Amino acid sequence: MGKEKTHVNVVVIGHVDSGKSTTTGHLIYKCGGIDKRTIEKFEKEAAELGKGSFKYAWVLDKLKAERERGITIDIALWKFETPKYHVTVIDAPGHRDFIKNMITGTSQADCAILIIAGGTGEFEAGISKDGQTREHALLAYTLGVKQLIVAVNKMDSVKWDKNRFEEIIKETSNFVKKVGYNPKTVPFVPISGWNGDNMIEPSTNCPWYKGWEKETKSGKVTGKTLLEAIDAIEPPTRPTDKPLRLPLQDVYKIGGIGTVPVGRVETGIIKAGMVVTFAPAGVTTEVKSVEMHHEQLAEGVPGDNVGFNVKNVSVKEIRRGNVCGDSKNDPPKGCDSFNAQVIVLNHPGQISAGYSPVLDCHTAHIACKFDTLVEKIDRRTGKKLEENPKFVKSGDAAIVKMVPTKPMCVEAFTDYPPLGRFAVRDMRQTVAVGVIKSVEKSDKAGKVTKAAQKAAKK
């Protein structure tokens, strides 16, 4: 077996018709978690439906359809392997909750793969001014996805024309630079997701293509295929050395055991014997045991979805959206207000002070008031454009002072990224996204259980 491969998460972005599904489907099909039986079943169905030219998008369409019908399909189907990594494809966009998922997301992407359609006219449509592509790329960058790979798809439709590829690289470099990425760190790979050129094996259709290269801290890295570009992602550092932050997804009451909060460790570690504080509830108690998939764990680390048993705390005292942390190491606290950089994505009107939509931040879902519009800024550079604007509208970015209508626990993005980004939901869609700059924390004394006092004496 050797050493376990590192896990990385990628998010696939691009225009609706760029061939995202086909390309992702191809990788999953060739290197991935779909077993032969499932594929044979799909192939048979495809043939019966006269889709005999069965291609990879079909795989993905099946998975998506099952997902949207609420059948939670085995997420292993969205995984594939490279020599170095286990790769999980996080919800590709197009899904209406994509933006919300990406922010509150079960997982932060380590790298974004931008798929551009190389076909005549298609490329231009994909990254035009109003393009969704721009929105998704900007989101990825704003939300801290610092690595990017660009795949120029459908190169077969332009007969593998070298000049076309170079023209697209030039345009796309400008595009990703405007978003905030440095094009020198981005591999550009010409592919055909349909035929498989340069996906896993180097293609023979483009003798002119010498391969991609990118600059990293440790020097230049080169390769030919999309799979190699994914394999060359810089390994993510998982924040185990930070203080514990664990947003609760649910709290269960289990007969004979007691209260069991469940959630995903975002930073730090949790283990039995620790004295933890829940914010904004203000409850401090001892962790009796930690488990994952019904097995006892010595410790839960970032990325683990754990359940843990706490003493002397009733189910009524803590709830989804609370955050658990180490009482002795920067314990989490509720907040009175926070300042955030907010980007308005699609709001039909104007947003002015007093607007109170619902914020989704980690697992919390709470109405917050836009208390003061402090300044309007340039989305890319962050430079101030206007002091105290009267309102902001779609496309604008602003620094806003936000006041939660109920107690909530958030953090500055620079300290704890997963607790410092949020989606603003209104009219059943994501109208804005934000990154928290600073937090005004509330200091209120809370309840310390007997178990916590006892543990403290040890």
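Just so it is clear, glycine is given a Cβ too, placed from its N, Cα and C backbone atoms.
These features come from Swiss-Prot:
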| type | residues | note |
| --- | --- | --- |
| BINDING | 14-21, 91-95, 153-156 | GTP binding site |
| MOD_RES | Gly2 | N,N,N-trimethylglycine |
| MOD_RES | Lys3 | N6,N6-dimethyllysine |
| MOD_RES | Lys316 | N6,N6-dimethyllysine |
| REGION | 14-21 | region 'G1' |
| REGION | 153-156 | region 'G4' |
Looking only at C-alpha atoms, tell me how far Met155 (GTP binding site) is from Lys316 (N6,N6-dimethyllysine), rounded to the nearest Å.
-> 58
Which residue, of the recorded positions Lys20, Lys316, has its CB surrounded by the fewest other CB atoms within 10 A?
-> Lys316
Which numbers of helix, strand and coil residues does DSSP report for the region 'G4' (153-156)?
-> 2 helix, 1 strand, 1 coil
Taking the Cβ of Gly14 (GTP binding site) as the centre, how many other Cβ atoms fall within a 10 Å radius?
-> 28
One should report the C-alpha separation between Lys20 (GTP binding site) and Lys316 (N6,N6-dimethyllysine), rounded to whole angstrom, as 45
